[in-house]
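*Asks:* Have a look at the structure that comes next, please.
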C-alpha cells in the first residue's frame, strides 16, 4: 500500500500544474489570423464551414456576373480551390451547416425566385456531392434558415425580390425522414421580413435583423422554442441594418451592423436578450463583409481580405491562492482515506463499513453520490437558460420517497446479499447474475465515470486554464487514493465533507449574485415573468415529450431501479439497523431538495446578473459552465478555489462511489464466487487492486470519449447504456412477484426488452424517461411467457419472492 506521506507528496506535486494555460496568459484581446482573399464578391453567396474547410458557392463573381462555381478553403491552404459547379447560377438564398453538409435553401436563379433546396458535401479535396431536398412550398429569396435537433427551419424571405413581397412564413422539414414534407408552423407576431438570420441558442432559436415590407430594418428579435412556439423580446438591435449574423459560442450571435456611416461588429446575447457593442479593436469592415461561424471563433470574409477571429480567454480572478485551496482540499481527502485504512481489515468493514455508519453520514453520502458535477453545473444552467421545469423532478422524488424507504430498504436488508446481483443467481441462475453484474460494472466504468470526469474538465479548462489532460488524471488519482485506502467508510465520510462543501459554495454564490444585481425588484420580477423564467410544471400527457406525466412516471421508475444499483445497496446495508437506513434515505432528499432549490435560484440570479451586465459574460463560456465562471470571475482570489473544490468534490464523490461499488462486485460476484481458495483477507486485497484497475479504466474512458470529433457518438453511447439498463425493473419484478419465471425466460426477456427499447428510441416514439418502463414491461411479458413455455421454475425459491420473504432467515435485522 502506498504510504500516506507519499500520496500527499504526489498531490502537492500535481497541484502546481493547476495554473493558467499558456493560451490564457497570451490572449488579451481579439486575435486576427489572415486568410487568402475570397475569389467571389460574396454578394448573395452560400457559405459555411464544414469541419476545417470553408465553402463558398454561387453568388456573384467580382465583375458582377452570376457565379456557378463552388470554392473551398482547406485547412492551412494558401489559396481557395475550385471543387465543383452548381447546375445553374444561384444566389440570395439561405445557407446553413448540418453536420458535414451545407444546405442551400431558396434564393434566385435566372432572375426569378426559386423554391429549390439542396445539400452539398465534400467528396475529397477535388469534388462535391449534392442531393436534392423537397422544394419549399413557395419560392423565396433572402429567407433565414437554421437546423436544430435534426429539423430545418426556414423563416421569412420575399416572394418577388421586393420589400413589399416580404413574408412571415415559418416552415420546417425533418431532415432524418427521407419521406418528410415541409410543415407550415405558427409564425411570429411581429412584422414580416426578409434578409433576416435564424441563430441557434441553447434551447431556442432567435430571429435577428431583417428588412420589413416598408424597406426599413426590423429591430426586434423574436424567439422560437420547438415545443412552446414563439415569444417576443423587449430589446431592440442597435441602429442600422444587420448585414450578416452568425452563431458564436453557446448563446451569443456576432452581427455586422451598418449604421449608415460605418460597419461594426456587435454581440447579441440570446439568453439575456441584450446587445453589446464590441470595445475590442476591430479590423476594417465594409458593407460587403460576411461572417462564417466556427464554434467559438468566426471568419470575416470579403472580396479584398479574409480573417479568422479568435476571442480572448475569459478574464477571471482565479490564481495561485485558489490552487492552494484546491491542494489543501485534496490533502484532506487523502488523509481521510489513510485514517480508515486500519479499519478496513475485513470485507465487511471495507465494503459495508462494519454496518455502523451513522444514518446522517450515510444520507449525506447518498446525496453527494447523486449530486455529481453534472448536476451541480447543469441545474443552474437550466434555470439560467430556461426555467424551473427540471426542479419539478425533485418534487417527484419526494412523492416517490416511500418506495425507497418502505419497500426497497427493508427488502435489501432482509435479503442481505453482498451485491445486488447475488440474488439473481439464487432466484434464476448464474448466467443472469453474471450478466447483470457485468452490465452494471461496464455502465459505471465506461458510462458514468467517463462522462462525470469529462463534464467538469471542459469548464475547468475554459475558466481556470486547467487543461483536461491534467484535471482528469489528478481527480482520478486523488479519488483512487482515498477509496483504495479506506473503502466504503472513506467514501462515505469524504462524501459527507464534500456535501457540506457543495452546499456552502452554492449558498455563498447565490448570496453574492443577488447582492451584485443592480436592478429594481419590480423590474426583476417583470423580467422573470415576461420570459417565463419561473415556470415549473409542463402539463401534458404526450409520451414523446417531457411533461408532468412522463417525468413523474420516469422518476418512479428511476426509484425502482435502486434495487439493482450497488451504490444504493451498499449504503442501505452500512447502517446499524433498518430504522437508520430509512432515516438515511430521508436525509438524502432532505438535503437534495433544498440544495436543488438553491441551484435553480442561483441560475435565475445569474440570468438577471448577466442580463444587467452583459459585457461581463464571455461568449467562450458554455452555458453549463455559467456557475463556475461566475465564481472565478466575481469571487476574490482564494475564495473561488473553494467553489472549484466543490465542483471537484461533486465529481469525486460520484467517482469514488463507482469505484467502491464495482470493486465490491468484482470481489463478491467474481473472486468469492469462482475462487476455491478465497479468504477474507485476500478479498480486501483483491478489492483494492480492483479499485486501482477500475480507476485507470475510468480515467481512460474519459479520454476516449473526449476523442470523439462530434457529440453524436457520445450521445449514442449514453443512449445504448440507458437501453441496456431499461430491463432492470422487469428482471427483479419477475423474480420477486412470480413463482414461474426461470433462467431461460429471464434471459429471453432481457434480450427482447433491450431490442424493443432500441427500436422505440430510434423512432423517438417515447421520451427517454419512459425507457425503463417500456423495456421492463417487455422484459416481464416475454420473460414470463418463455418461462411458461420452457416448463416454469424448478428451483427452490423459498424466501426469494415477496410472498415468501417473511420466511427467510439471515437478514441484517433478524
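Any Cβ shown, glycine's included, is placed from N, Cα and C.
From a predicted model like this one, the values you see are computed outputs, not experimental measurements.
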*Asks:* Of the ranges 295-312, 529-546, 547-564, which one does TrEMBL list as transmembrane segment?
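*Replies:* My reading of TrEMBL: the transmembrane segment range is 547-564.
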*Asks:* Of 267-286, 767-786, which span is tagged transmembrane segment by TrEMBL?
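*Replies:* TrEMBL lists transmembrane segment for residues 767-786.
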*Asks:* Tell me which of 500-517, 788-805 corresponds to the transmembrane segment entry in TrEMBL.
*Replies:* 500-517
*Asks:* Using a Cβ cut-off under 8 Å, which residues of the same chain at least 6 positions beyond either end of the transmembrane segment (686-704) come close to it?
*Replies:* 1, 347, 350-351, 445-446, 449-451, 453-454, 457, 472-473, 476-477, 479-480, 483-484, 487, 655, 658-660, 662-664, 666-667, 671
*Asks:* Which one, 359-379, 385-409, 430-458, 500-517, has the most C-beta pairs under 8 Å toward the transmembrane segment (547-564)?
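*Replies:* Stretch with maximum Cβ contacts: 385-409.
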*Asks:* For the transmembrane segment (359-379) and the transmembrane segment (642-666), check the count of CB pairs under 8 Å (sequence separation 6 or more) and say whether it reaches 3 or more.
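*Replies:* Judged by the Cβ rule, the two regions touch, with the required three close pairs present.
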*Asks:* Under 8 Å, at least three CB pairs between the transmembrane segment (430-458) and the transmembrane segment (585-610) (pairs 6 or more apart)?
*Replies:* no
*Asks:* Give the one range among 318-338, 385-409, 585-610, 744-761 whose Cβ atoms make the most pairs under 8 Å with those of the transmembrane segment (642-666).
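*Replies:* Most Cβ pairs under 8 Å with the transmembrane segment (642-666) come from 318-338.
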